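Q: Copied straight from TrEMBL:
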type	residues	note
DOMAIN	B:14-215	domain 'ABC transmembrane type-1'
TRANSMEM	B:20-40	transmembrane segment
TRANSMEM	B:52-75	transmembrane segment
TRANSMEM	B:95-114	transmembrane segment
TRANSMEM	B:151-174	transmembrane segment
TRANSMEM	B:194-218	transmembrane segment
Amino acid sequence: MSSSVLFDAPGPRGQRRNQIIAVIGGVLLLALAVLVIRALYNNGEFTSAKWSPFGQWSTWRFYLLLGIWNTIKAAVAAVALAMAFGFVFGVGRLSQNRAIRWISGAIVEFCRAVPVLIMMIFFFGIYAYNGVFPAAWNPFAAVVTALTLYNGAVIAELVRSGVFGLPKGQAEAGLSIGLTPSQTLVQIQLPQAITAMLPALVSQLVVILKDTALGTIITYPELLQQAQNLASARSNVIPALLVAAALFIGINYLLTLLAGRLEARINRRGHTAGAAIGRAPTVPGAPIDQGAAAAMTPHEARDAAAKAGPQDRV
Amino acid sequence: MGELFAQFDVWSAFGQTLYLAFFSAIGALIIGTILAIMRVGPVGIFNKAGAAYVNLVRNTPLTLIITFCLIALHYQLKIYLAPEDSPTSIVDNGVRWAIVGLTVYHAAFVCEALRSGINTVPTGQAEAARSIGLTFTQSLREVVLPQAFRGAIAPMASVLIALIKNTTVAYAIGVAETAAFMRDGLEFRPDLSFLIFVLVAGFFVLLTMPLGIALTHLSQRLAVKR
């Protein structure tokens, strides 16, 4: 617990004071909840006309489930492509060749510095103007392209920090049995790095899933767009958006849970020399702290990763 | 290039982005700090309320939060952040609700960044401070918080940079910032698409890269040697 750093276990007087604060705080939070519910009630947000659509199959079939399907479709396509992009450029940044290293680095840093929405609007415009795809595909293609470029760059950094996080002896052992540097990378270092970065990859899925909602701006019919369509069809704006938010939160919560499970399993199994990677450096232009990573024992690195928290990605 | 600046109000779009980023950063810092205090404090109910806020907000798309602010809170519940009768009411309300949405969303991440800073301080530091006789306030002021702030610089830097990039989402409710310029530019001058992209991407690279490098440098220089 973090509070153990800041506070001693409270004595009798401290406990009493904390109880009083807790009661006052509880009353304040309750008052806030009552205020919100009353505002919603006065606006007629709890009438059955606004909520009954959610009991009908057609609402789910033509709006919400369709939206979830489109969201997941874009997210899965983006994940697959981003992994390919990430591995190509992550390995590129580890290359022996200076030019390849430099070009990969420039591309990765650029993709991390430009907002996803800017790339989305750009590719939407480019695809539409040049007629790259049939017109109906443009929103999907633009969403997937933008998500691929940004998240691919993040995955490239995960690959790189995964390889740097391994103990030095792994590469030395590979070289000393006569493998070339690239054989060492592919056969010794990458397999371990991938295992170590698996939880971070799953929590990156949360980021991708959330960012598909940007697609609503370029008319991609994902969950948020579908919720807004539902809202204008049944004139229940607030319930529709609340249900969409609950669906997003539910899906993301399941993914976060999965990431936690995976991380616990990898740490327990202990087959890999590297610890689970908590996060890639999220700051564009930030170097990976190689010195610190190399100085850590796997055990310390694991602790550090656990402290960093698997998903503080914005 | 000159054509572009003549046809579109590029500077005011960039200015709007900076305006959004500045005020939401301040708002997120204030609310995030309050949330962090709630989460690390000794009172159980505040711990839970803070954790609930962070987990709910962190898993909701920013686009949804900003859209909800305008079409639910403003249009439906008729909450006005700018006077209804002023001539710029529509624009002002859009900008201010965008700032509210950005603040609400990033406060959750500021809270987690501050908490991870506090987590970098080993328990032994506070124990040592108590054992040499420092009071609670003294040990916080002299020992724990200085180390916690240094540990929080790097995660806070990534939140700030993400916030700057995320201001583009305000376009979802029609705020005339950089993404809006991008969309207009691509619509009316598709022949200049690449120029527009280079201009806008360059603006964000210029804004975020030096900030990232400077703050990483700062956090490494101030890092507590352990």
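The backbone N, Cα and C atoms fix where each Cβ goes, and this holds for glycine too.
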Q: Answer with yes or no whether the transmembrane segment (B:194-218) touches the transmembrane segment (B:20-40) by the criterion of at least three Cβ pairs under 8 A, sequence separation 6 or more.
A: no
Q: Can you tell me which of B:52-75, B:95-114, B:194-218 gets the most C-beta pairs within less than 8 Å of the transmembrane segment (B:151-174)?
A: B:95-114
Q: Take the transmembrane segment (B:95-114) and find every residue of the same chain, 6 or more past its ends, with a Cβ under 8 Å from one of its Cβ atoms.
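A: Sequence-distant neighbours of the transmembrane segment (B:95-114): 16, 19-20, 23-25, 27-29, 31-33, 35-36, 39, 50, 53-54, 57-58, 60, 62, 65-66, 68-70, 73-74, 81-82, 148, 152, 155-156, 158-159, 162-163, 166-167, 169-170, 173, 175.
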